[in-house]
Amino acid sequence: MELTLKLLVLLLFILNHHVGSGSIVKFLPGFEGPLPFELETGYIGIGEEEEVQLFYYFIKSERNPKEDPLLLWLSGGPGCSSITGLLFQNGPLALKSEVYNGSVPSLVSTTYSWTKTANIIFLDQPVGAGFSYSRAPLIDTPTDTGEVKRIHEFLQKWLSKHPQFSSNHFYAGGDSYSGMIVPALVQEISKGNYICCNPPINLKGYVLGNPITHEDDPNYRIPFSHGMALISDELYESIREACKGNYFNVDPRNTKCLKLVEEFHKCTDKLNEFHILSPDCDTASPDCYLYPFYLISFWANDESVRDALHVNKRSIGKWERCNYLSKPYNKDIKSSVPYHMNNSVSGYRSLIYSGDHDLVVPFLATQAWIKSLNYSIIDEWRPWMIRDQITGYTRTYSNKMTFATVKGSGHTAENKPQESFIMFRRWINGQPL
């Protein structure tokens, strides 16, 4: 009996160590043959009782894992799985856009994965996103600031289990709503590095694409739409005069402004706001360029895929790519601008980039809050090039901040994978764009 108990305890220890340390994935359903890169998946327990289990995908750099930087990538939402980044933006795999026939959707290799120059952790956060879950009902509604602390704890524990990466330069990154989380996380890590008993994280900076930053961001949709010839000069001048720059939190008594804003929506509501040049199409249609967003649900909910990824049994029900409409969440960070200021003062590098055809977070909104920081301009506005072709425009500021546009791209980087990869590679290597 005593021997049986000892064996049981040993087995539980091995299993827990196996889960906590992550599992190597060599094959994935839908991909032909062994994976051409090193993938690890796993959970890190958060909290005193480790009741929150955050799921991650870790992919080693294809260049030099020992020397290349470590990047934590967070998807937006809030509540979108980080598989959005892995399969649709900057990872080494993509879903093949072919008509769903009931079998596991196919995966193909990508050419311009950011893992060619960095080790990347794709983290499902907040709790409840992707394959992350809580063992017990949450007492409090997840919040921006609460998730920042959880992600910080995740990083500390992940690095303690992967000490070989503790000396690598560390960067945080993400897009869209991660524009609220990442700057706060960088500040949290920076402060945490001064606490005596925690091993310091070798923090160097952060990268953000089309980041939501301030509640005023939507006000820039109207001047952006005018500049893109989506609304007439007459409507723009009238709405600017009537609304005084406040277009999306209008005083109900300002009926003239409200009526003009309604006219604006009539001109733009049928556009694809994530990329104004792309069709506004149904993702369930095989003809839609976003059809892979429809296929991902079949892939991630297939039992063979979950087994291959080592997803804990019965941890979640149906997997959703984004669950921000079905899960409660408190957005308690109203502006991330103060965090940008603090991080710059602390000496951290930052790359802020914008797809110039995004109506959700127009590049004008990003330029406006960067301008509000009052940083000196080190390198004036200029085109950045790939093989003698203009691929965007860039400006470098004091306090190590770089702003860049990606010409022809939308809300996320997948629209221009080559350009976004080369931009990231140059910046992460300390080269001018």
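Cβ atoms are placed via backbone N, Cα and C, with glycine included.
Residues annotated as signal peptide in Swiss-Prot, with sequence analysis given as evidence: 1-21.
Marked as disulfide bond by Swiss-Prot: C80-C322 (among others). All protein chains considered, the CB of C80 (disulfide bond) has 25 other CB atoms within 10 Å.
Annotated N-linked glycosylation site per Swiss-Prot: N101 (among others), in sequence order, evidence recorded as sequence analysis. Taking all protein chains in view, 7 other C-beta atoms sit within 10 angstroms of the C-beta of N101 (N-linked glycosylation site).
Sequence-distant contacts of S176 (active site), defined by Cβ-Cβ distance under 8 angstroms and a gap of at least six in the same chain, are S75, G76, G77, G209, N210, P211, I212, V360, V361, H411, T412. Swiss-Prot lists S176 (among others) with the feature active site.
In the three-state DSSP reading, C243 (disulfide bond) counts as helix. Counting every protein chain shown, the number of other Cβ atoms lying within 10 Å of the Cβ of C243 (disulfide bond) is 21. For C243-C257 (among others), the entry in Swiss-Prot reads disulfide bond, with the evidence type similarity to another entry.
Counting only same-chain residues six or more apart in sequence, the Cβ atoms lying under 8 angstroms from the Cβ of C281 (disulfide bond) belong to N272, D287, C288, Y289, L290. Marked as disulfide bond by Swiss-Prot: C281-C288 (among others).
Taking all protein chains in view, 16 other C-beta atoms sit within 10 angstroms of the C-beta of N342 (N-linked glycosylation site). In the three-state DSSP scheme, N342 (N-linked glycosylation site) falls into the helix class. Positions annotated as N-linked glycosylation site by Swiss-Prot: N342 (among others).
Annotated active site per Swiss-Prot: D358 (among others), in sequence order. In the three-state DSSP scheme, D358 (active site) falls into the coil class. Annotation for D358 (active site): same-chain Cβ neighbours under 8 Å, separated by at least 6 residues, are N210, E273, F274, H275, I276, S409, G410, H411.
Around the Cβ of N374 (N-linked glycosylation site), the number of neighbouring Cβ atoms within 10 Å comes to 9. In the three-state DSSP scheme, N374 (N-linked glycosylation site) falls into the coil class. Swiss-Prot lists N374 (among others) with the feature N-linked glycosylation site.
Sequence annotations record features per position, and here Swiss-Prot assigns active site to H411 (among others). Around H411 (active site), a 10 Å sphere centred on its CB holds 22 further CB atoms from the protein chains shown.
The two recorded residues C322 (disulfide bond) and N101 (N-linked glycosylation site) have their Cα atoms spaced 23 Å from each other. Between the listed disulfide-bonded residues, namely C257, C288, the fewest other CB atoms within 10 angstroms of a CB are found at C288. In the three-state DSSP scheme, C257 (disulfide bond) falls into the helix class. Checking each of the recorded positions C80, N101, N342, N374 against C243 (disulfide bond) by C-alpha distance, the shortest gap belongs to N374. In terms of C-alpha distance, the listed recorded positions C80, C257, N342, N374 place C80 closest to N101 (N-linked glycosylation site).
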